[in-house]
Structures are given as structure tokens and as C-alpha cells.
Amino acid sequence: MPNENAEDLSGQELKQKAKEVADASEAMLEKVVAGLNIQDTASTNAAGNEDAEQPDGAKNEASVSANASKQALLQAVSDAMASTRQMAKKFAFWSTQPVTKLDEQVTTNECIEPNKEISEIRALPYTLPGGFKWVTLDLNDANDLKELYTLLNENYVEDDDAMFRFDYQPEFLKWSLQPPGWKRDWHVGVRVEKSGKLVGFISAIPSKLKSYDKVLKVVDINFLCVHKKLRSKRVAPVLIREITRRVNLTGIFQAAYTAGVVLPTPVATCRYWHRSLNPKKLVDVRFSHLARNMTMQRTMKLYKLPDQPKTKGYRRITAKDMDKAHKLLEDYLKRFQLSPVFSKEEFRHWFTPKEGIIDCFVVADEKGNITDLTSYYCLPSSVMHHPVHKTVRAAYSFYNVSTKTPWLDLMNDALISARNVQMDVYNALDLMENKKYFAPLKFGAGDGNLQYYLYNWRCPSMQPEEIALILM
């Protein structure tokens, strides 16, 4: 009897081979090809020994099948070699930067390059390709802010299928780019000289970061964006060099950043999880799909939440709570290997509720002590090519602390709070202690990973549950 799983198993093997090949260097690829030739010869010899026992039709069928498998695998090798060349070109820039190498085994927690004297740092901006000029954006200027919003809205991160794109609202940009200590000089833009059109941007904000047992003065790098039509101009590497130069001139030589792609070299890789709050809309826009044997009515019932939070003492944070809540979070973050160190002023900035931007709730006991905290920021995504829905309103889990209220109760209340301000989905990374509530609260694993990186700092890699850093 024929094996019903033979075709599927073959496909899995091909995918596995292709993945192995894609991860290898070109030298290794040549070995793989050589190995294929050896295996092919061995297969031919084995087939020759069995020829006498097989009818001609079976021989021909086996030959066609073997050739098809060989061609498919050779195509996978060819595609992987092309991918490897592209990756090598992409990594050429990073090979010039103080970052850990992909094959480097790190056991220390230290800077890669020593800090420089200000006199050693390049005084003039880096040279842009012809036809472009540097600008420093003023986010308090309505025109500059609108231009930045438009650039990001039309050219920033979108999903692989080009169905959704982050829609950072102007007031969100001001909140995320103007924390305590922000510098206008770190809001770096690129314009076309003739038209003045904004076609590139990168930003930095000051921060303190704990890496294992050391606290670093760093910047968080974000919103690196180049207009789609200019991505062959190699503008992005110049933007990175220029923001590095400007930050170095202030005496800061380390940075943290995240990316959905793999670069040299992630400190950690986290995965997004999603909890439907408005399942009908999410299915309509193809953000999610109905599970097998599930109707829309059953799906809506599955994700239905109570009308109001249930935890006694659960309420939105107030100005009077700030110092106690700051101490609660400060103590909690010390448990993790990579975490921010917030000053009181920074805590007030990041956790004071702003409608449509950030929301924060605490649980207070009878004596007024703050025992628990939950927070999320609001980041809609534009829906591309849908006749009805133009936006998916997403809540992103920020920082959460549970000391008295069970995790499931606290986060269920957070879901209710987000649903009550018309959020469609609640997203969370599998860092800190978030995994504890994913399954019970009906979160589903997403297909996107987020890599964490440190610039000019090497340290041993970390598991997601050792990470307590959220970058927008």
C-alpha cells in the first residue's frame, strides 16, 4: 500500500533542507550541493540493485519522482544561495558597526568599543547621496509633525502581506519622542533638496537600561524610515551613522533598538500574542480567521468579556498614585536581566493616561497602597484595501505588575478596560511574566517575532521571560 503521508513528509524535508541551506554560508551551500550529488549517486546505485525486481512502469514512475524531488531541492538551494548573497550585502553595513557577530559566543557584559573623547568624534554630518539634505524636525511645529506622520503612515512597518501598516498618530509621536531629557537634535530627517519633501527619518530618546548587573546610559533608537522609492539609495545606513554621531557628541555610546528582521545579533527574540476584543471586525479585515468548526456566533461568544472590571480597588491611575506606583514598578523590574530604570519624572511621562495614547490602571487596597499595575498604549493600524474598515485599533501591553491580584484577574480587567474604549485587539509580547495569562485568557500566538538589539554592548543572550523592555 502507498504511504499517504509520503508527499507531505517529502515537502517537510524540502522545507527543512531549504531552511538549513538559507542559514548556511555560501561555502556551506557548496557542501550541501556536493552532498546532494553524493546522495543522488547512492540513490541511483540502490535503484539499480532493485531494477530487476520492478516492472518498467514502476521504474519510470520512481525515476520521475526522484527527478522532481531533486529539481525541487536544487531550486531550494539556488534560492537559498541568492538569499545568502542578499543577506551578506545587507550585513555588510553591520560588519562595520560595534555589534556582536552572529557566530560570536558572548560570556561578558561589557562595551564593545571604549567610549571616545568628544574631540575624537566627527564634527560634521555624514554625506548624503546627491540631491538630499539633512534637517532637524521640530515636533512642536504642526507642519513638521504632519510631515513625519505622513512619512511613517505611508512608508513605515507593514505586515508581509501588505494588509496592515502602523498608523502612529501625531500626538502619539510627540508622546513617544519627547520624554524627559529629549533633544530636538535627535529627531533627524532627510529632505529632497529641490522639493523639500521629507523622505527619511530616525530618532533617539535618552534612557537608562539595566543589562544584567550593570546600568547603562543609553538611547532608544526608533522610527527609522526611508521612503519606499528611495530604498536603493542606501539612505538608511547614513541615517544610522548620523544619529550615532549626534548621540556620541553628548557622551552616550550605547543604544537599544528592536526590529522584526534578524540582524547581527539579537540579545533576545520575543513573539507577539493577540487577544481578540472585536472578533467579527478582525475576521472581516483578515487580521484573524475563524477557527476550524467555529461559526462567527460561537467565536464572539468565546471572546466575550464582562461589561466592567471585577477586581476590588481597580481604577485608572491618578497623579497622587505616581510615586507609589513608580516604586512598585521599580522593585518589580529589578527581577529581569534587561529592563529600563525609570526616574520619577520619566514614570509620570510614560504612565499618565492620555486618551487614545496610553492608559494605566492600578489596584489600591483599603489603606491606599498600590499593589498592582497594568498599562497599555494605543497604536492603530491602517487597513489596506478594505471597503468598510480603515483602521484596526490595537492596545499593546506596556508594563504590568502583580503582587496581590492574581495575574488572570488583573489582565482580564485590562482586557475589559481596553474593550471599553473600543480597542479591537490586545497585543502582548511573551516577555516578563506575560506567558502566565496567555492561554487562560485566550491569547493566540502571532506570526511575528521582535528581535531586541544592543549597540556597542555585548552580553549573553536572554530568554523572553528575562526581558522587561518595551519600545514603541
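Just so you know, glycine gets a Cβ as well, placed from its N, Cα and C.
As given in Swiss-Prot:
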type: BINDING; residues: PHE93, TRP94, PHE223, LEU224, CYS225, VAL226, SER232, ARG234, VAL235, ALA236; note: tetradecanoyl-CoA binding site
type: REGION; residues: 1-23; note: region 'Disordered'
type: REGION; residues: 43-65; note: region 'Disordered'
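Using a 10 Å Cβ-Cβ cutoff, SER232 (tetradecanoyl-CoA binding site) registers 7 neighbours. For the tetradecanoyl-CoA site, whose annotated binding residues are PHE93, TRP94, PHE223, LEU224, CYS225, VAL226, SER232, ARG234, VAL235, ALA236, the maximal Cα to Cα separation is 19 Å. In this structure, SER232 (tetradecanoyl-CoA binding site) belongs to neither helix nor strand by DSSP; it is coil. In the three-state DSSP classification, CYS225 (tetradecanoyl-CoA binding site) falls within a strand. Long-range Cβ neighbours of PHE223 (tetradecanoyl-CoA binding site) (same chain, at least 6 residues apart, Cβ-Cβ under 8 Å): LEU152, TYR156, TYR168, LEU173, LEU177, PHE201, ILE202, SER203. Around VAL235 (tetradecanoyl-CoA binding site), taking its Cβ as the centre, 19 other Cβ atoms fall within 10 Å, counting all chains. Burial estimate for the binding-site residues (PHE93, CYS225): highest at CYS225, by number of other CB atoms within 10 Å.
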